[in-house]
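For reference, the structure discussed in these notes is given below.
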Amino acid sequence: MRMDKLTSRFQNALADAQSLAVGRDHTIIEPVHVFSALLDQQGGSTRPLLMQAGVNVPLLRERLTEILEALPKVSGQTVNVSPSNELSRLFHRTDKLAQQHGDQFMASEWFVLAVVDDSGGLGQALRAAGAEKKKIEAAIDKLRGGETVQTENAEEQRQALEKYTIDLTARAESGKLDPVIGRDEEIRRTIQVLQRRTKNNPVLIGEPGVGKTAIVEGLAQRIVNGEVPEGLRSKRLLSLDLGALIAGAKFRGEFEERLKGVLNDLAKNEGRVILFIDELHTMVGAGKADGAMDAGNMLKPALARGELHCIGATTLDEYRKYIEKDAALERRFQKVFVGEPTVEDTIAILRGLKEKYALHHGVEITDPAIVAAATLSNRYITDRQLPDKAIDLMDEAASRIRMEIDSKPEELDRLERRLIQLKIQREMLKKEKDEASKQRLADLERDIEVLDREFSDLEEVWRSEKAALQGATKIKESIEQAKLDLEAAQRRQDYAKMSEIQYGVLPALEKQLVAASQAEQHDFTLVQEKVTAEEIAEVVSRWTGIPVSKMLEGERDKLLRMEADLGRRVVGQEEAIKVVSDAVRRSRTGLSDPNRPSGSFLFLGPTGVGKTELCKALAEFLFDSQDAMVRIDMSEFMEKHSVARLIGAPPGYVGYEEGGYLTELVRRRPYSLILLDEVEKAHSDVFNILLQVLDDGRLTDGQGRTVDFRNTVIVMTSNLGSHQIQELSGDDSPEVYTQMKAAVMEVVQAHFRPEFINRLDDIVVFHPLDKAQIKQIARIQLQGLEKRLAESELKLDLDDRALELLGNVGFDPVYGARPLKRAIQSQLENPLAQQILAEAFVSGDTVQVGVDGGKLVFAKV
C-alpha cells in the first residue's frame, strides 16, 4: 500500500494511530487505532458521517476503548510498531472501494465502509452501535455530493460552508440576533435587488455604525418568519467568515482551495443560499501573493454566472478605495445606500433593543434614558454615527448601574473599613494591663457592637434588595425564552405547543413578574436599578469632557456668582466679566445656539489690562485648571503658508498624518476655552478659516474630518486701538468710554473684514487701569508670593504704606499692570531673597515689610 495514495487527512489519522499505539505500549497498529484516530480527528468527516448514518457515537467510543484496553502490551524496551495483517487487509479493501468510485486518492469514508462490512471485532462493535451498510453509503453520497477525490486535500474542501460561514437564518431561528427596528426601505430595496434576474447582488454602502450588518440580520429574521417574497422564502443566509478562511492557510494555494470549496458548495446548492460578505473590501487583495489570484478575482466568474448570490457591506471610503478601482467587480454589484437614521428613528430603534439590553444587564432602562441617549449622542458625539453611538451610550450606562449593584455600596464599605480599624485597635489594647487601657477596651467593645449591628442591618437590606432584583431578572429571562419558543412553534405550526405557551406559560410568568415588581415598588435605599437620563448624561460627560449632566446645587450657585469669582482675580473689567459670564451661563443651561460656539469674543485694549488674565481665570473657573485653556499665539501665523499648521497639512505635504494644531487640540478636548492671542498679528487667511468656526461651530481639517467647536468658548485678544485708548484715558466717565470705544471700533473695522466682525458675539473694549486698581492687583499678586514663602514656612506681612509704595512704583498708564510685576520683583523679592540667604529669616518667622526713606524695609516678628 502506497502512503502517497492516501488523502492528507487519512495520512494524519494514520500518524495519530501510530502515536496512540506507542502511547499504549502496543507493538502492532490495529484497525481500532486508526478508527479511534479518525473519530477524534479535529475537523475530520468520520464523526459527522457516523452521526448522519444514525450511529450512537458515545456508545461506539466506549466499545473502542474496551477493545484498546484488551490489546496485549509490551513494556520495558523500545520496539518498532508495524501495521497488523488485519489493517493491511482493510486498507486493500479501502483501495478497491476508492477505485470502484473513480477516486485517485483513498479517503477516510471508504475505510469506515470497509470496517462496517468486516467480520472482525471492530466491525462488530460498529454494527452494535447502530451502523448499517446502506445508511453509511447514503451518508457518504450526501457528504461527497457526487464528487470524486482527485486531490490530496479533497477531504479538507468538504463541508466548506459549515466551516467557513455562519448561518444567520439559524441564529435568527434560535433568537440570537437583536431585533431590527425600522430600516424597512433599505431591506425592501435589498430584497428588490436580490429578486433581479441578473446582477442580483446588492452591496450595502454607508458610514460605520449606521446599521449595514443589522439590515442583513433583519433580512435573515424576515426569511425565518416568512415575511419575504416567494423567491426568497426557503433560502439560507450565510455570513462568510473571512478570518476562518485565511487562518491556518500556510502554503500557497491553500487559501484559494478553501475559497474554491466554498464556491463549489454554493454552486451545488443551486441558488438556495445567499452569501453575506461583511467588509466586502477585504476580499480585494485577500490571499494575493506573487502571481497568485486574489479572492476578489475568484468571485467574479461565480458572480457573472449567477452561481454566487451575494450581499456585500462596506463603508463609503473603502468602497471608493477598493471596489470602484476594480470596475469589473463593481459592475457585478448593485449599490444600496444606507443613510444615518434621524434622532426619532434612533429612539424607535433603541426602544426595540431596550428589552435585550435590560435583560443582559439585569437593570431597568427608562424611556427618558432612551430619548437622552439619542439626543445627547447626536449633539455631543459628532465623530460617530447614529444609531451605533446611541446604543453604546445606553449599553455603557446600563453596565455602570449593573457594576454599582454588584459592588458594595459606599455606606456599607465605609462601615466595614471603620469596623476593621476598631477591631485592630481592640487586639492592641488586649495586650495592655493598666486600668485606663481596660476602660478604653470596654468603650471600644461597645462601639464595635453598635457598628457591627448597624453593619449587619445594612448588609441584610443590601442583600435582600439585590435578591429582589435578581428574582425579577430571572423571570424576565424565562419570559424571553417563552416568547422564542412561541415563535418557533408558530413556524412549525405546532398549535398545541403555541396554545400551551400563549395561554399557560406566558400568563403565569407575567403574573410572577407583576408580583416581583410590586415587591420592588418600595424605594431601594442602597441599590439603584434604573437607568435614567442622568446616567446617560454622565456617560456622555466621561466620553467627551463636556458637562452635560444635571447641574448640582453647588454648581448653580457657582454660576450665579461667577462675576464675583472672576472679579477677585481680574480687576476693573466688570463689562468684560459680565459678557463672558453670560455666555457660560447660556451654554450650561442649554439656551445657546446649538450650531455655534458657546461664545466668541474679541477683547481689545492696551497691554497689561487683563485680557489674557481674564481667559486664564475663566479656564480655571470652568475646568479647575489653567491647562484646559488652548492658547495659540497668533504672531506665529504671520506667513500665508503657516495657516496649514492650524488645520493640518494637505495631502502630499510633509506632516499630513499629524493633523492640525488647533483641530487636534479641540478633537481631544471638545469642551475648552480657545485663546487666540494677539490676533491682529496673524495673516489675513487665518480669518477665512475662523469664519467657518464662528458661524457654524465646525471646521474641516486637512484629512477631511469635521471637528466640532460648538462646545468651545473662543476668545481673541488684540492691541488694536490701544493708542486711542491711551489718549482718552484718565477720565472714567461713561461718555468718555463711549467715545473711546467708537474710536477703537473705527480702527478694528479698518483692520478686520466686516464678515469677520459680524460673526462675533461681542467686542469688548477693556478699561485702562487707575492707581486704586493697581493697588488691588498688587494685593492679588502678593498672594502668589505668600504661597511660595509658605512652602519655606515663612509668613509675609505688608503694611498699607508698603502696598502704597509698590502701587506707586508699579503704576504706568501706558503699560497697565505689567510694570507692577517688575516693581514687586525689584523692590520686594530681590532684597528679601538676599535676607533669606543671609539667614536673617528662618523657618517659622514672619517677615514684616514696612517703608523707611522711600524704600521697603524688612523686620522679623
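Using N, Cα and C of the backbone, Cβ positions are placed for all residues, glycine too.
Keep in mind it's a predicted model, so treat the numbers as computed, not measured.
Per Swiss-Prot, these features apply:
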| type | residues | note |
| --- | --- | --- |
| BINDING | Gly206, Glu207, Pro208, Gly209, Val210, Gly211, Lys212, Thr213 | ATP 1 binding site |
| BINDING | Gly605, Pro606, Thr607, Gly608, Val609, Gly610, Lys611, Thr612 | ATP 2 binding site |
| COILED | 391-525 | coiled coil |
| DOMAIN | 3-146 | domain 'Clp R' |
| REGION | 6-71 | region 'Repeat 1' |
| REGION | 83-146 | region 'Repeat 2' |
| REGION | 159-340 | region 'NBD1' |
| REGION | 341-545 | region 'Linker' |
| REGION | 555-768 | region 'NBD2' |
| REGION | 769-861 | region 'C-terminal' |
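Here the features listed in Swiss-Prot are painted onto the structure.
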| residue | record | Cβ contacts under 8 Å, 6 or more apart |
| --- | --- | --- |
| Gly206 | ATP 1 binding site | Lys212, Thr315, Leu316, Phe337, Val338, Gly339, Glu340 |
| Glu207 | ATP 1 binding site | Thr315, Leu316, Glu340, Gln385 |
| Pro208 | ATP 1 binding site | Thr315, Arg384, Gln385, Asp388 |
| Gly209 | ATP 1 binding site | Arg384, Gln385, Leu386, Pro387, Asp388, Lys389 |
| Val210 | ATP 1 binding site | Val338, Gly339, Glu340, Pro341, Gln385, Leu386, Pro387, Asp388 |
| Gly211 | ATP 1 binding site | Val180, Arg183, Val338, Pro341, Ile349, Pro387, Asp388 |
| Thr607 | ATP 2 binding site | Asn719, Ser722, Tyr815, Gly816, Arg818 |
| Val609 | ATP 2 binding site | Gly572, Gln573, Phe766, His767, Pro768, Leu769, Gly816, Ala817 |
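The candidate set comprises the binding-site residues Thr213, Thr612. Of these, Thr612 has the most other Cβ atoms within 10 Å. In sequence order, Glu613, Thr717, Asn719, Phe766, Gly816, Ala817 are the residues of the same chain, not among Gly605, Pro606, Thr607, Gly608, Val609, Gly610, Lys611, Thr612, whose CB sits within 8 A of the CB centroid for the ATP 2 site. In this structure, of the binding-site residues Lys212, Lys611, the smallest number of CB atoms within 10 A of the CB marks Lys212. With DSSP classes pooled into helix, strand and coil, the tally for the region 'C-terminal' (769-861) is 52 helix, 19 strand, 22 coil.
In the three-state DSSP assignment, the secondary structure recorded for Gly211 (ATP 1 binding site) is coil. Using DSSP to sort the residues of the domain 'Clp R' (3-146) gives these counts of helix, strand and coil: 95 helix, 6 strand, 43 coil.
For Gly610 (ATP 2 binding site) paired with Thr213 (ATP 1 binding site), the C-alpha to C-alpha distance reads 56 Å. Secondary structure at Thr607 (ATP 2 binding site), as computed by DSSP, is coil.
If you take the Cα of Gly605 (ATP 2 binding site) and the Cα of Thr213 (ATP 1 binding site), they are about 58 angstrom apart, rounded to a whole number.
Annotated ATP 1 site Gly206, Glu207, Pro208, Gly209, Val210, Gly211, Lys212, Thr213; additional same-chain residues within 8 Å of its Cβ mean position, judged by their own Cβ, are Thr315, Val338, Gln385, Asp388. Measuring Cα to Cα from Thr213 (ATP 1 binding site), none of the binding-site residues Pro606, Gly608, Lys611, Thr612 fall within 10 Å. DSSP assigns Thr612 (ATP 2 binding site) to a helix in the three-state reduction. For the binding-site residues Gly608, Gly610, counting C-beta atoms within 10 A of each C-beta gives the highest total at Gly610.
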